[in-house]
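All remarks here apply to the structure that follows.
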Amino acid sequence: MAGPRPSPWARLLLAALISVSLSGTLANRCKKAPVKSCTECVRVDKDCAYCTDEMFRDRRCNTQAELLAAGCQRESIVVMESSFQITEETQIDTTLRRSQMSPQGLRVRLRPGEERHFELEVFEPLESPVDLYILMDFSNSMSDDLDNLKKMGQNLARVLSQLTSDYTIGFGKFVDKVSVPQTDMRPEKLKEPWPNSDPPFSFKNVISLTEDVDEFRNKLQGERISGNLDAPEGGFDAILQTAVCTRDIGWRPDSTHLLVFSTESAFHYEADGANVLAGIMSRNDERCHLDTTGTYTQYRTQDYPSVPTLVRLLAKHNIIPIFAVTNYSYSYYEKLHTYFPVSSLGVLQEDSSNIVELLEEAFNRIRSNLDIRALDSPRGLRTEVTSKMFQKTRTGSFHIRRGEVGIYQVQLRALEHVDGTHVCQLPEDQKGNIHLKPSFSDGLKMDAGIICDVCTCELQKEVRSARCSFNGDFVCGQCVCSEGWSGQTCNCSTGSLSDIQPCLREGEDKPCSGRGECQCGHCVCYGEGRYEGQFCEYDNFQCPRTSGFLCNDRGRCSMGQCVCEPGWTGPSCDCPLSNATCIDSNGGICNGRGHCECGRCHCHQQSLYTDTICEINYSAIHPGLCEDLRSCVQCQAWGTGEKKGRTCEECNFKVKMVDELKRAEEVVVRCSFRDEDDDCTYSYTMEGDGAPGPNSTVLVHKKKDCPPGSFWWLIPLLLLLLPLLALLLLLCWKYCACCKACLALLPCCNRGHMVGFKEDHYMLRENLMASDHLDTPMLRSGNLKGRDVVRWKVTNNMQRPGFATHAASINPTELVPYGLSLRLARLCTENLLKPDTRECAQLRQEVEENLNEVYRQISGVHKLQQTKFRQQPNAGKKQDHTIVDTVLMAPRSAKPALLKLTEKQVEQRAFHDLKVAPGYYTLTADQDARGMVEFQEGVELVDVRVPLFIRPEDDDEKQLLVEAIDVPAGTATLGRRLVNITIIKEQARDVVSFEQPEFSVSRGDQVARIPVIRRVLDGGKSQVSYRTQDGTAQGNRDYIPVEGELLFQPGEAWKELQVKLLELQEVDSLLRGRQVRRFHVQLSNPKFGAHLGQPHSTTIIIRDPDELDRSFTSQMLSSQPPPHGDLGAPQNPNAKAAGSRKIHFNWLPPSGKPMGYRVKYWIQGDSESEAHLLDSKVPSVELTNLYPYCDYEMKVCAYGAQGEGPYSSLVSCRTHQEVPSEPGRLAFNVVSSTVTQLSWAEPAETNGEITAYEVCYGLVNDDNRPIGPMKKVLVDNPKNRMLLIENLRESQPYRYTVKARNGAGWGPEREAIINLATQPKRPMSIPIIPDIPIVDAQSGEDYDSFLMYSDDVLRSPSGSQRPSVSDDTGCGWKFEPLLGEELDLRRVTWRLPPELIPRLSASSGRSSDAEAPHGPPDDGGAGGKGGSLPRSATPGPPGEHLVNGRMDFAFPGSTNSLHRMTTTSAAAYGTHLSPHVPHRVLSTSSTLTRDYNSLTRSEHSHSTTLPRDYSTLTSVSSHDSRLTAGVPDTPTRLVFSALGPTSLRVSWQEPRCERPLQGYSVEYQLLNGGELHRLNIPNPAQTSVVVEDLLPNHSYVFRVRAQSQEGWGREREGVITIESQVHPQSPLCPLPGSAFTLSTPSAPGPLVFTALSPDSLQLSWERPRRPNGDIVGYLVTCEMAQGGGPATAFRVDGDSPESRLTVPGLSENVPYKFKVQARTTEGFGPEREGIITIESQDGGPFPQLGSRAGLFQHPLQSEYSSITTTHTSATEPFLVDGLTLGAQHLEAGGSLTRHVTQEFVSRTLTTSGTLSTHMDQQFFQT
C-alpha cells in the first residue's frame, strides 16, 4: 500500500516551487482536459501523467511533478516513456572515395507532441565515381542533334575525365508509345516514319554504362532517327525504365548517378488524355520491362508515370536528372525540374552543339549541393534537417564543401493531430520506416513510431467491485459507477427522489438552486468550483468588476463577495490602502491642496491647471494663460487693445504697475506682447496658482520697450537712389561674369576649382537599408566663390550584359511611372511634413495644378499623384527649402521630352505660377534617373539623392553607376565623376513584422502591449529597431515615447513591445476635444539576416474607458477558474452577421488574467491552416472584408503573461446576401426579323441564391435613347435563362436589359442593343437534334458564352409543358400547312377534323390510319383491309393531350428525331422495331416512331439487326417520359474554353434528374474519324474537365452524358477546333507562345439531297462558316458507298451563300457517297460527306401520296450514317423523318460525320419542280 506521506508543509513548499518553475500552458493542458480515463489523460500532452492512488483526492491527470507535489506516490503514477536507440553505426572513413553517412540505423518511440533531436554526419569526397547516362529524344526533329552528338563523343569523354578519373557512360533513346494517337499506325509509317529512319519505339537502352569510350562512340555512329505524330514525347516512360532497370543500365552502387535528358518537346504524363485516346487505362507498375534487346515492352498496356512517381524513384535510386532542352520546350521543364530536390536545367541549342558545356556546368553546380529528405514518412511524424555548417538554398538543399564531414541536426517530431484527428486514432499514421536519404548515397533508416498504448491499469479493472458498493467498476484507483449510481463509492442512487428536500432553498422549487445535483441529501455544485454555498446559491463570476476584471484582479470571488488581497479594499478591491499614489514631487500628500482617498487626490480647489496630485501644471498654463490675460492687461495698464473702454470693466483681476518684474523661473508665467497702437512691447507676470480671480493681481512693467524714432524723410531719397543702384549692380554683374570667364581659361585658376563625388564605391546590404535611396555626398574644392550647378545621372542593373539592348526593345508606348523632385521657392514648415494638415493640402493642390498645366503639352502624360513634401539635408544654404516629390504616369518614349521640359522650367524658375529654386531637380524612370544639384557660394558639400531601384526581382548582387555629366552653370571642372553602388540581397533567414496593422487599447490598461512576430526560416538570432511616432496622440501627454532594439534569440518567434499610457487630463479633453487618439510604432533597421515583413508599421488606437463596451452577460457557461492564475477558454462564443461582409463575434472573458484575445477565422470547408488571425484587447471583434453569403468558422483564445490559453468551441456564421453582379453576356438567336431568342449567363458573383431574373426590352432611336415605355418580363425560375420574344417591330432597334435578383434585392443590369433586320442573312438551318451548341466564329477569342438551342425555350406556349410525341393518334388525321402568318418554327401541327377528335387514354389501343375510317382496335394481330394499326404491346406513358383537334410536335423540341415509316406489305412483323414484342404494321396504315440518333444512347436497343443507337418507342408523351424515371436528362449546356493550342476545357451544367447523379462520361474523337476516347468522372459535383494534347487545327466532336443508379442519360454533343500556328517542320506541333483561337470546322455546310427522279437528285450545301480565304469554287465527288465503280468529280464555281448541283445517271436502290470540299487560293479545305439512296417502290393506298412515297431512314451502315430517299410524285405533303413538311415542302436530314456523330438539318425537298420559300435564322452574340 501507500508508504509514508510527506508533511503538508513540505507539500506546500514543493507545489509553490513547481508552480513558479513550470509553464502554465502545460499545466493547463493536463489539468483542464476533460478526460475520463488514464489513457485519455496520457494522450493529452507529452508531459501528462495519471495517478492511480486510491486515496488520492486531487485531480488525477496532471504533470508528474505536480502529482508528486500533491501527494501521489511515485509507484502509483502512470507515465509513458519515450525511447531512442541507435541500432547501426559505422564511423565515417574519409579515405574512401564514396559518399557515407553515420549513423545508419536507429529506433525511436515518441509520445504525441514530443520532439527528439540528434546529429547526423554526412561525408562527400572531393572526387567520386560518376555514372553518366544520356537519354535522348529520337523524334525526327532531333536529327541534327543526333549528328552533333556523334561528332562530340571525344569531347564528352574529355570533359568526364576532367570531372573524375572513375566514370562510365551510357546512352538510351526514346520516342513515344507505338499506338494511336501518338504514332502513325499505317504499315508504311510503322516501317519507316521518315526517310532513312528506324521504326518507332517507346524506349530502348542502346549502350549500357561502360568505361570504354571507343565502344560508346562506335555504337552511337550506327543510330538512326525515328518519329511519331504528336508534339509531346514519351520521355517519362524512358526515365522510369532508366531508374528501375539498374542491372540493364549498369548503375554502380557507390557512384554519382547522372541522367542527361535531352529533348525539344513537351512530355506526356499520367492521365493526360493521350493514354485514354490510345485505350491505355492501367497505371504504371514501376517495374523494369526491358527485353533482351533493351527495348521497353509494356508501352501498350501501362500509362505514363506521374511526376511524383519519377521524383520518388529517382531519389530512391540516387539519380540526379539534368534536363537539356531547347527554347521551344524550356517553359515546360522550367517548372518540372523544381520538383526534383537536386537537378539542373539548361538551354540546349537547336543542334545540341553545346551539350558538353551544358553538362560540365550542370555537374559543377550539382556536386556542390546536397539534399537530405525523409522518404516514406508516416503522416504522424515530421522530420526537419538543419545545419550550422552549411547554408540552405532556396530549394531546401545545402551548399556543401566536399571533402569535409558535414554535421547536420535532425529534428524528429511526433504530431498530436493529423487533419484535425488525434494521431492515436489513426493506426496507419503512427509508425513507419523512415528513410532519411542524401542526394548521392544511401541514408539513415529509422524505425519510428508514436506511443499510443493503453494504460495497463485499465486492462486490470475490478468489475462490480466491493470498493464501489458493487455498483461500479474499480479502474485505475477510482470507481466508475454504473448507470443510475453516483458518488465516490457509487453508493448514491441518482434515481432516488426521496432525499431532495434538504437540497431545496427556502422559496425555491429547484434543488440546489438549479446549479447542482442533489446526491444523498447534499448539493454537489456544477462548474467545478464556480458555484458555492449550501444550496449552490453563490456564483463566483458575479462579484463586482473593475475595468473588466473580476475583483479588479486584486482578489478572488467567494460566496458572492470579493475577498481582497493584502493592501486592497473596497467592494471590487479597487481601492489601495496605501497613499503612495498621492505623494507629490516634494514628498507631501497632494501638494497640501487636497486629501488622499482611495489612492487618489481630491483637491480643495479644482483648477484647469492642477493635475492628479493637485500640482499646478505649468506646461499647460503657459500657452493659454498669457493669451487669456493679454487684452485685460493691455486695456487696464495702457488703455489700448480690443477691450479698451467699458469692456475693460469685465476683467476680474487687478493690475499693479511695478518698476521691475521677477525672473521667469520665480513666477508662474511671464508674458510679453506687442501693442499694435504704438508698436511697443509690454511685459507682465502672474503669481499664485495661475488661476486668475477677483483677488488676483497681475504685475505689469511700467516701461514699454519701443523701437527708435522713424526716419520718414529718408524714403523719398531712397526712391531716387534706387534706379542708380540698380544700374550699378548690373554693371558689376557684367564685369564679374567676364572676369570669371577669363579666369576659367587660365590653367592656374582652373586647376583649383573642382567638383566631384566624395567616394567612388558603396557596398550596401538590402536587409540593412532603411530607404530606397542613397544620399551620395559631392564635394567642391578650391575657390568656393560663385555658384556651380552639376548635372548627374544613375543607371540600374549594370551587371546584366546586354541590359541596354533589352531596355531598348521594350514597348515605347508602355506607361511607366516617372518620379519628379523639385525644390520650391518657399521655406518648409512642420505642417507641410504632415500630409493631413490644411497647409499641406493647399500646397499639394497648387503644385499639382501648375505641374499638370505644364506637362499636359507632352502627349500621353497623366495627372500627378502621390505628391508629398520633405526637406533635403546637406543642401547648402537651401536645406530649409521645401522639396516636392511626385509621380506622373507617361509613355516610356516620353522621357526625353520630360527631361527637356523639366530643365527648361527649372532654368526659368517657375512651372506656370509655381515658383521653384534653380539648379535642382530629379527625374526618375524605371531603370535610370537624371538630375541636377547646386553649390551656392561658400558651400563645400551637397548631397545627391540617388534612387536605388529596389525591387523583389533584383539579382542577388546588382550594381548601379552614378555619373557626374557636366557643369552647365559655373566655372568648376569635374573631378571624380563615377560612383559604383553595389547592393547585395541576402536571403532572409526570418521575417519580422507586427501581428496586425492596427491595435485598439484602453487607456485604463495603462500599458499598450504590442506583439511582434518572427517567421523563422532559418536558425540564428535576429534584431530590429523600433520607435514610436506621434499621430493624434502626443508623446508625454498620451503615452511615453519609446525606441530601442528587439533581439530575437534562436528559436524565439514572438516578442511584446510595451508602451506606457498616460491618464487623460481634463485640460486635454477641453483643449483637444473627444477625437480618437492614435500613435504609430515602426520597425526598421533589421539585422542578422532578418527582413521586415508586412505590416512593419502599426497604429495604436487609445480608447478611453467610457468608450469601451463593458457589457458582460450575467449568466455565463460553467468553467472552472484554473489555479495559479492559468487562463481558461473564453465562454459562450457568439457570432452574428452584421452585413454582407461583416461578422460581429463576441464572447465572455475566461477566468484568470487575460491580456488580450486571438481570434482565428476561416471559410467553412477550408483547412484551419489557412485561417486569418486577429488580435483584440476586448471580448468582441468585428470581422471585416468577408465574402457575401459565405459560411465562416471562428474560435478565440485568451493570452496572458504565461502564453495562450485553450481555444473556445467552434462557432459558424454566414454573412448576409449582397445584390448580385450583372448577368453574363447576352446572346441572341435571331429567328426572324420580328422574333428573337434571348439568353444570358448567370452572374459572375451571385452573392446569394438567385431567385429571379427581369428582362426588359423597348424601342430606341438612332441615338440609342428609349422611345416609349420598356416592357418587363419576370422570369421567376432562375434555371430558365432564355426567353423567346415575338412580334417585335420590323427594322427597329431594341434595347434589351437583364438583371438578377437574390435575397438582397436586384443587381445591376446587363444591356445590349440590336436591330434584327440589319443583321446579315443566311439560309435557315434548324437542327433536328436540339441543344447543339453553336459557336459564334465572329466573336473573337472570348468564348464565355455560346448560342444554343434549348427545349426549354422552343416549347409551344399552348401545348404541353414538355415537348412530346405520341403514336396514340386518332384516325382521319389531316395535315394543315403552317404558312403565312401561322408560321411557327417551334411546332409541326397536325389537325383532326373536329368531328373525329378522339379522347385517348394511356391504355387506349387506338391507332392512326391515314384518312381511313375509324375502326376498333385489332388485338388479334391479323391484317385487315382498311383496318387500323394495332397498338404495340410495349408499355408506354400516357398519351398526348389533344387541344382543339391539334397535336403539337415540338420542333426541334426534343433530343430525338421523329420518324414516320410507310410500307406496302400486306402484313409484316417489324421485329426490328421493338426489342420486346413484335410490332405489326398493316398495309394501309402508317406509324409514328421515334429514331434515337447519335445524341441519345437508348437502353432499349438490344437487337443486332439495328444500329446501336436506334430504338423505336410506340408511345411517348412527354419530355420526362422518354427514358426510365430516374435516368438523367441531357446536360443543359456545353461550353468550350481554349487553354492553349493543344488544351481545352469542356464545361457543362448539371442535368435534371430524380435520383442522385453518380458521375459523367465525356467522349471525344476527331471529326474525320479518329479513335473514340472516354473520360469517366465519378464526382457528380465536377462539371468540367481539361483535355490536353489535342491536335492543333483539327476538329473534335465532344459528347457528355450523366449517370444515375438507373443508368446513363442522353448525350450533349458539340464540335470544336483550336486553331494555332504550327512548327514549319512539324505540322502537329504548335509554336510555343503563338496565338490560338477557338473555332468551328471550315467545311462546307450540311448537305441537302432533293430527289428529282428515280435516277437523278439535286445536292445543295452552304458556304463554309469560316472560309479562311476567298472561295473560288467547290469540288464534289460521287461514288458508290459499297464500292464497285470509279468516283465521278464535279467542279462548281462561285462563292454564293448556297450552292446547288444536279447529279443525273444514278441507279435506284444503290447507296451513293458524296463529298464536297471548298477551294480557296490556298488549296482545298476539309470535306463534308453524306450518303443517299433513291429507292423506287409501288405506291400503296395513300390518297395523299399517290403511287410513290418518299421514305427517309437513318441506319448506320459501315462507318457512315446514310439517308434513304424514295421518290414520290405526290403533291400532298407528309411527315418524313421527323421533319417540317408543308405543301410542296419536305425537309430531310443530312449525314455530316462518321461513326456515331450526326448533324441533322432541315432542308427543302422539291417534288413538282416548285421550290418552297426558305426561312432565315441567324445567330449573333452581343
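Note that Cβ sites are derived from N, Cα and C of the backbone, with glycine treated the same way.
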Candidate in C41, C51, C72 joined to C61 through a disulfide, as Swiss-Prot lists it: C41
Listed co-binder of Mg(2+) (same site as S139, S141, source Swiss-Prot) among E54, E215, E223, E233: E233
Candidate set S439, S993, S1069, annotation phosphoserine, source Swiss-Prot, matching residue: S1069
In Swiss-Prot, the member of N617, N980 to which N-linked glycosylation site is assigned: N617
Fewest other C-beta atoms within 10 angstroms, as judged across S141, N228, N327, N491, N579, which are the recorded positions: N327
Least surrounded among the binding-site residues, given as D144, D145, D176, E233, when other CB atoms within 10 Å are counted: D144
For the domain 'I-EGF 1' (457-491), residues assigned helix / strand / coil by DSSP: 7 helix, 11 strand, 17 coil
CB contacts for P232 (Ca(2+) 2 binding site) [other CB atoms within 10 A, all chains]: 24
DSSP helix/strand/coil residue counts for the domain 'Fibronectin type-III 3' (1530-1625): 0 helix, 52 strand, 44 coil
Alpha-carbon distance [D176 (Ca(2+) 2 binding site); N579 (N-linked glycosylation site)] in Å: 92
Spatial neighbour of D176 (Ca(2+) 2 binding site) that is closest, considering only the recorded positions S141, D145, N327, N491 and their CA atoms: S141
Those recorded positions, out of P232, E233, N327, N491, that come within 10 angstroms of S141 (Ca(2+) 1 binding site) at the Cα: none
Between P232 (Ca(2+) 2 binding site) and D145 (Ca(2+) 1 binding site), the C-alpha gap once rounded to whole angstrom: 17
E233 (Ca(2+) 2 binding site) and D145 (Ca(2+) 1 binding site), Cα-Cα, nearest whole angstrom: 16
The domain 'PSI' (29-73) vs the domain 'I-EGF 1' (457-491): 3 or more CB pairs under 8 Å: yes
Conformational class of N327 (N-linked glycosylation site) under the three-state DSSP mapping: helix
Intrachain residues whose Cβ lies under 8 Å of the domain 'I-EGF 1' (457-491), provided they are six or more past its termini: 37-39, 50-54, 56, 60, 76, 78, 517, 519-520
Rounded to the nearest Å - Cα separation of E233 (Ca(2+) 2 binding site) and N327 (N-linked glycosylation site): 16
